[in-house]
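Participant: What follows is a single structure, and I will ask about it in a moment.
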Amino acid sequence: MIYLKYVYLQYRVTFLPGAFQNVNVSLNETVEAVVTRIPPDVAFITLQFHTLHRNATLSYTRIPDEGPFLSAVDSGLLTALQPAQIRLSLFLSSPDEEPVSGTGVILSYSSTAPVPGACSMESSLDVDPNVYISYNLYETTVRFGPANLGYQRGQTPAACDTSTASDTRWRLEYDVYQYFLPESDLSESSLFSSLKAVADARGMAASGRLVVTLKSTDKTAVAFSSIPGQGVIYSVIVRDPVLNTSASYVPAHTYACSFTSTLDGCQTLGKISTKVFFTIAGLAGLFVCFFGHRFFKCELFCMGFSFAAFFFFVLITRTTQLDYDIRLTVSAVVGVVGGVVLVMSWWRFGSVMACVVVVGLMLGFLVAAVVLFTPLGDLEVFRNSDVVFWVTFCCIMVTLPLFFVRWPREGNIVTCGGVGAYAVVLAVNAYVYTSLSYITLNILKRFLNNNFSAAFTDAPFQTIDYALITVWAVLGVCGVVLQLYRERSRPFFPPSPYLMWLQERERRKTNVLDPSHHVPSLAGRLVERARQLVGRREPAGEHTPLLL
């Protein structure tokens with residue numbers, strides 16, 4: 001039997017193997033973790049300790065600086081046991097001079113199991129079983145050190161890089177797993193309960209999602225799409241396919257945001273400018289969803305605004321270092337110009353087909369983003385080649401407008417329903433997190449970051465996402481059906497006001513029977529009116545009433 005005891009000044013906490021125990025480390029306090037009664041078939045032991053966002057220090061010595069140690073939110077130490085060793089001590093402390101609360105567990109492995117991180121050459125630890133996470137706005141990168149074959153107590157471990165034969169570490173395989181925490185839940189209790197489910201290899205294999213399996217010849221780093229505010233646990237399980245054994249690295253978690261930042265931290269994620277922008281966009285989308293085709297000029301303005309604002313935001317982000325709020329404001333102004341240009345092009349030239357093709361590109365963009373948001377987008381051919389990805393995306397995007405040539409009114413109404421309803425979803429996302437926003441956000445990230453292609457773009461689908469998919473579908477279908485029914489007896493598209501004015505002017509010139517033909521021009525009417533106002537009235541003469 002293995003016991004893990006944390007010795008405090010006043011009390012003691014005892015752990016059972018594989019059982020989590022919450023631990024509080026007070027200021028200026030060192031907690032000793034004592035493992036006793038270690039069975040002889042156990043070759044090495046890992047100690048994990050996890051906190052929500054504060055660093056904790058694990059060390060082999062009471063004073064961390066006197067030996068190897070690790071300070072991290074998710075930290076772990078691996079100890080290879082000596083012959084006849086039945087007792088082990090490790091130490092836990094707070095590196096930041098403030099109390100730390102977390103949860104810990106010990107896991108034991110036999111000599112046939114691989115040793116996680118035993119061939120890590122970049123760590124200060126001799127054996128580093130930890131998973132390291134780094135993130136930015138676009139991607140989250142998971143790194144870990146190579147493992148080695150297991151060995152008996154007291155034996156010398158196999159050399160890491162002297163040979164690539166089948167009896168060396170090069171036969172090992174690494175399964176990279178991903179486990180999503182409940183959406184919009186930043187609580188410590190949610191994190192700890194999830195860690196209990198996936199701390200070991202069996203739990204992660206049962207509850208997590210296998211993302212990729214790496215060979216020993218592959219780079220021990222995997223990139224994922226960042227989802228700020230969404231908790232994710234990453235873990236690596238190293239397998240020995242010859243002995244059919246496995247061992248788990250220390251799982252690590254991230255929310256892709258900061259708990260300590262006073263601006264745009266995890267608790268205040270989402271800028272006011274973003275909420276205002278997408279709230280207005282959602283209201284406009286709801287209007288377009290149900291009335292877009294009837295109010296054709298309003299629809300053209302909204303589509304032109306979206307098209308111009310999106311691509312100008314990409315351009316200004318890639319070429320400047322302006323603040324986000326400034327970029328969003330300038331993009332909105334350019335979007336207004338783009339909407340006005342699209343409306344005026346229809347007003348002046350009357351080319352409905354050209355405008356509908358632009359509208360069709362908006363629907364094609366959304367459909368292409370949806371297709372590549374599915375697991376198809378994580379295919380290796382798309383992650384390894386930007387050319388293949390963008391060619392596929394553009395092919396899907398330009399295919400839909402071709403159908404608009406044959407059915408322009410129906411295509412325009414379908415675009416109003418689909419795109420307008422998705423704008424409502426984006427407005428909801430400004431206040432409540434939903435993975436559906438990453439349908440288009442992943443495309444935006446790929447535009448802005450040249451290295452984003454290698455990232456896995458899967459996102460969690462939980463209750464709120466299924467509810468919003470239903471809302472999206474219901475709004476879209478209702479909007480399309482309502483507009484098709486209302487417009488069934490009307491002309492396909494309203495006529496161009498400018499062309500109507502030209503026709504009316506020509507008609508008035510040629511039709512002398514039309515009373516309006518004899519109406520003076522506007523300039524003539526203005527001159528005559530001014531003459532009446534400033535001119536002197538002639539006397540009316542005698543005012544004697546007429547005799548009956």
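Cβ coordinates are placed from backbone N, Cα and C, and glycine is handled just like the others.
Feature list, courtesy of TrEMBL:
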TRANSMEM  276-293  transmembrane segment
DOMAIN    279-484  domain 'TM7S3/TM198-like'
TRANSMEM  300-320  transmembrane segment
TRANSMEM  326-347  transmembrane segment
TRANSMEM  354-375  transmembrane segment
TRANSMEM  387-407  transmembrane segment
TRANSMEM  419-444  transmembrane segment
TRANSMEM  464-485  transmembrane segment
Participant: Report, as numbers and ranges, every residue of the chain located at least six residues beyond the transmembrane segment (300-320) whose Cβ falls under 8 Å of a Cβ in that stretch; write 'none' if there are none.
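Facilitator: Here the qualifying positions are 281, 284-285, 288, 292, 327-328, 330-332, 334-343, 346, 355, 358-359, 361-362, 415, 419, 444, 447-448.
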Participant: Would you kindly list the residues that approach the transmembrane segment (464-485) from elsewhere in its chain, counting only those six or more residues past its ends and only Cβ-Cβ distances under 8 Å?
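Facilitator: Apart from its flanks, the transmembrane segment (464-485) reaches 183-184, 286, 289-294, 410, 413-414, 416-418, 420-422, 424-425, 428, 432-436.
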Participant: Which range wins on Cβ pairs under 8 Å with the transmembrane segment (276-293): 326-347, 354-375, 387-407, 419-444?
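Facilitator: Between the stretches 326-347, 354-375, 387-407, 419-444, 419-444 has the largest tally.
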Participant: Which of 326-347, 354-375, 387-407 shares the most C-beta pairs under 8 angstroms with the transmembrane segment (419-444)?
Facilitator: 354-375
Participant: Using a Cβ cut-off of under 8 Å, list the residues of the same chain at least 6 residues beyond the transmembrane segment (326-347) that approach it.
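Facilitator: Answer is 273-274, 277, 296-297, 300-310, 312-313, 316-317, 320, 354-355, 358, 496-498.
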